[in-house]
Structures are given as structure tokens and as C-alpha cells.
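Some features that TrEMBL has for this protein:
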| type | residues | note |
| --- | --- | --- |
| BINDING | A:308-309, A:322-326, A:339-346, A:ASN360 | FAD binding site |
| DOMAIN | A:1-28 | domain '4Fe-4S ferredoxin-type' |
| DOMAIN | A:29-58 | domain '4Fe-4S ferredoxin-type' |
Amino acid sequence: MAVKIVAEKCKGCSKCIDSCPFSAIVMENKIAVIGDACTGCGVCVDECPFDAIEKTDETVKKDLSDYKGVWVFAEQREGQIMPVVIELLGEARKLAAEIGTEVSAVLCGENVDSMTDELFAFGADQVYFADHPELKNYRTDAYTKVIKEAIEKFKPEIVLLGATHIGRDLGPCLAVKCDTGLTADCTKLEIDPEDKKIRQTRPAFGGNLMATIICPNHRPQMSTVRPGVMDKAEHVPGRKGKAIKLDVSFEDNEIRTKIIKMVKETGELASLIDAEFIISGGMGLGNPDGFELLKNLAEKLGGTIASSRACVDAGWIDHSYQVGQTGTTVKPKIYFACGISGAIQHLAGMQSSDYIIAINKNENAPIFEVADYGIVGDLYEVIPTILEELNRSS
Amino acid sequence: MKILVCVKQVPDTNEVKIDPVKGTLIREGVPSILNPDDANALEAALAIKDTEPNVTVSVLTMGPPQASEMLRECLAMGADDAYLLSDRAFGGADTWSTSNTLAAGIRKIGDLDIIFAGRQAIDGDTAQVGSQTAQRLDVPVVTYVQDIELQGDKVIVQRQMEDGYELIEVATPCLLTAVKELNEPRYMSISNIVNACKKEITVWGHEDINLSPENCGLKASPTQVFRSFTPASKGKGEMLNGTVKEMSTSLISKLKGLHVI
């Protein structure tokens, strides 16, 4: 879909120039001209008071009816299914119900057949599994080859991957190998009720803009989905499905990277995504020791601490604690934003929390715009008082 | 040794604000910058040039003519030469198209030992173009690289994971995508700024890189933007009043009332 200017209707008012997020429009002889930077986002179409900008659909329709079913990449690490897979299966079930098709998981690893029951219990109708010593740990070349071959053979219409450091590595490689599109870091997936194609919504422009992306003429339609965004699939113990073994063989030097060792540095990530209470700190803490105070409140509530990007950049805390556009997306029951101003990139990672409580000295801080309850004050006074109150009332 | 760094000129999205009345993006006064992760990629290349003999560092971008300003900045940081892929036909590209165009440009430059790219650009945040370019060039790729050590014709890299890292060995030629933990990008130097002004930037269109217009830009993009909108604000809640003690008491009783604690 591209946009074009209808020169006869354009009055040269320049409103489109102001509206364009990509600075792609210029005025030439008092008529708007769309430049190279245009992404076809269509913001200008709605903005034009004279209906002088139109969307055009130039692409040819292809027969895509061979492609059926929703697939989920069942990412496992050290024999454990990643939590995002359960979320993807939940989402895949909803999408499949709307299309009227089945859900499959695709699983790679060594001795993975024991994991298939878990995937059935979480809603997979089929599990395609590849079992090979070379697949024990994720490597780009190995996983890309196996899953690309499976996609070519079984032709799914939708493939979902978690936007983890592995999914975001595998997804782009698969998309090129399968000659299709991929939409990164989706936060919402819907099925178009008319044509049953997927609409993928994701934050762009640092979270300042949401874009809904379609992949109309290529299959499969592929998305990576941010962990922590979708609801987990229901666990039905004993639910059965069909396991289908994939043929796997590798030639010498086909897998071009070697893992020398795997080093674990923190164990906090899972708890950040699953935490019901998150006490998050920003530059308003003044120094790294401030996180100790936040830890007290986190311990009291049974939650965990987190941080804004600024604190990570300042070296106050490890990046695995970072919430936001380039960090982790969280949706706890309560998110305490302590001394966090509320940059849009931060909001992108936490604004679907059930309740947001903002504590900030600056009453004009943008964080108060999204907070359910706002307290203007010094967090070093407010948090100890909240702790006292909690201790008194419990 | 020949190193190429793929870079992108991006609007500084940290400076973008939303018009509170109209709910639209305010672009005015938003500077265009070298994408932050790409600055780390360039620094990694320049650090190799600092320590190894006979290293040339080239920078490559796809973008409108004004992207040459950013390429001059890269030259002023110490890159040896710069290539700009600029053509109306490249416009509106998604990651499929962008990687196809970059790969065609890289093939024309030829004979590279290491290709660096940033993990992701701050305007799109997709983290797809590096990996996809590597697939098209049929070279191995390691993403999220936070440490690099050269060992002859091999590179030992740390690949950042959510909870640590993997130590990975990969043979050159290869493509590596950089994260900010990799290094601290240098500033432009006065002597390099002077040199940068004298250097020619090579500009190529689709014919120069043997790419037909059907295989680049919006036309070749499998994904299309169906619509764009500014995210709905959650809406302002309640500001608590009174002393710290009163506000804290009120907060706790409200949360208890909602049965969330």
C-alpha cells in the first residue's frame, strides 16, 4: 500500500508535511510531493482536509489458499519451554478460532519428545518436533534450516515467535528464507473478519506511534510478539494432540557458529515478567543505593524491583531490570513508578499494568498522566511511610 | 582486513513529543542522528582499525540524500570511506526490501571480512535488517554482540542473552550486530572532521547495484502499513493530597479497597 497525491485536489496547505512522522513530504510548486522516506503509513491521508492524498494498493493477488494453520515457535532453553510460548499458544488459539483452523507448535532441541505433552496441555493440536544433538541449544543456522524446511513442507498461514533474544534472531532469518514479511515486537494481533488475514499492531517511532501492519500477499504471515503482553493459555492436563517428527540432517560446516560456553549472570528476568508487584526506580532515586529502599517495599509486597533506561545507562543497575521499549514489557497488578519522569519509551513497557502508582517530586512529570494514583513528594519520605502503613495495617 | 559498517540516520525519538491537544507527533526541531546502536557498531570497527594493521573501515547506508550528513559524521569519527544507497525506488522499504538493497550494495563493494550493523534502529526497533542482510549474503550472523575478540580468521564474540551471555566462535566473513554494552562510541576528531569534508561519498542508485525497481522499496515489501495511530493515553487518575502520612494511608486503603493488596 502506497500513498499518492492527487495533484488536482492539493491546495498546498502543508498540513500533510506537519503530520508526516517520517519527514517524507515536501512542497514543490505549491503541491505536496511524497519523497523516498515514505513508509506508506497513511497518517497524511486522514490529515488532508481536501482528500488529496489516497492510499493505493498496487500489489497483485496471489493464491495463498494452500497455507493453513497457526504455528507457534516453541522456544525451549535447557529443556524448559519459555513462558512466552504459553502466551503465544493462548493468542494462537484465539486467532485460530477466528479463522477456523488449528494450532501447531514447532519444537527444536535434543530429547524434546517429553515436552510435547506440555504443549498439548497448553493448547497445541499438533507438535512438529525436531530432535537432534545439534539442536540442543539455539543456533541461528541450525534452527533456521529446520524450521524453514518445515514451513515449506507444511505451509502454515501464520507463524508466531516470542520477541526474545532468540526469537528476534530466528524470525528475520526465517522470513528471508521463506521469502515473506515479518512484523517485529507485536503487542496486539487481530484477524480481519472479512479476509481472515492477520493485523499486527506494534509500537514504532520509539513508542510514539502505533502501526498496524499487514502482510497481504506472502505466506506465512510472521510476527514476533513481546513477552509479557499476551494472556497465557489455559493449562488442560491430559489434553492430547498429534506429534509429528521432522527429518533433520546437517552437512559439515552447515552450522557456522559454535557455542563455546553459556554464562548466566542474573536470574531476575522471569520474575520481572511474572511479578505481580513491581517497584521501579528512575533517576529521581539520585543514586544507585535508592534501589535498596525499593527492594524493601518489593519484599514487603512479594514483588520485584525494576528500573528506567536512564538508571541502566548510568550504570546503577543491570539492563535485565529495564522496563520499556528497549527493555522488558511488564503488566503487574501494581506498578510503582518511583522518581521516573515517564518518557514515552518507558510508558510503552508498563502502561498496561492493572494499577500504576507514581511518586515524583515534579508535579508536571508525564508519569502522572498515566498513573491511577499520583503522589507528589520525595520518594525517600513517601516509600518509608507506605512501608510503615503496610506494616501497621497487616 | 576490510570492514563494513551498516548505519542508519534516524530521528532522535527521545526528542519526539505528542501534541497533547491534537494527539499527533510533534516533529519540529527533532534532530536527525546516527542511530545509537550503529554508533556502537562503528566504534567496534574503528577499535579494530586502531589495533590491527591494514584495516579499512567503510560505512554504508540506505536513505535520502540528506543521509550523507550522517555519513560525514561517520568519516569524522574515523571511517575511511562512505557509500550512500539513494534512489526514489528504495523509498518505503520494509526490512525485506531494505536488506535486499543493502545486500546488493555490499556485493558491489565486495570482499569484506566483517560486516557490522547496529542491533536495531530507534525509529523502527525491528532488529531485523542485520540478520536479513546476512541471510541474503549467505554469511553467518551473530546478533546482540556485546564483546568481540579477533583470533586470526575467527572472531570470538559474546552474544547477549536476557540472563547472561553466550560465548560464540564464528569464522569470517561474518555479520555481527552491536548492542550498546559493546563499547563507548568515540567523538569526532578535529583532524578527521577536516579529512571528512574533503572525502567523496559514493552515491549509488538501483542500476548501480544491479537491482530492478521491482525488487526494492515499497513495491518489493511483503509487509505494508495498514494504519498508524498515536497510542491511546490511559487517562489521568487521581492525585492524592495531604501530608505524606495522609497520602500513604489513603493509598493503602484505596489499594486494599480494590483488593489488589
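Note: Cβ is positioned from N, Cα and C throughout, glycine not excepted.
Curation does not apply to TrEMBL; its annotations are automatic.
Here the structure is a predicted model, which means the values were calculated and not measured.
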Chain B contacts among the binding-site residues A:SER308, A:GLN322, A:GLY324, A:ILE340, A:GLY342, A:HIS346 (Cβ under 8 Å): none
Site of maximum Cβ density within 10 Å, from binding-site residues A:SER308, A:GLN322, A:THR326: A:SER308
Number of helical, extended and coil residues in the domain '4Fe-4S ferredoxin-type' (A:1-28), per DSSP: 5 helix, 8 strand, 15 coil
Residue counts (helix, strand, coil, in that order) that DSSP gives for the domain '4Fe-4S ferredoxin-type' (A:29-58): 5 helix, 8 strand, 17 coil
A:HIS346 (FAD binding site), number of other Cβ atoms within 10 Å: 28
Binding-site residues listed as A:ILE340, A:ILE344, least Cβ neighbours within 10 Å: A:ILE344
Assigned element (helix, strand, coil) containing A:ILE344 (FAD binding site), judged by DSSP: helix
Binding-site residues compared (A:GLY324, A:GLY342) - highest count of Cβ atoms within 10 Å: A:GLY324
DSSP-derived structure type at A:GLN322 (FAD binding site), helix or strand or else coil: strand
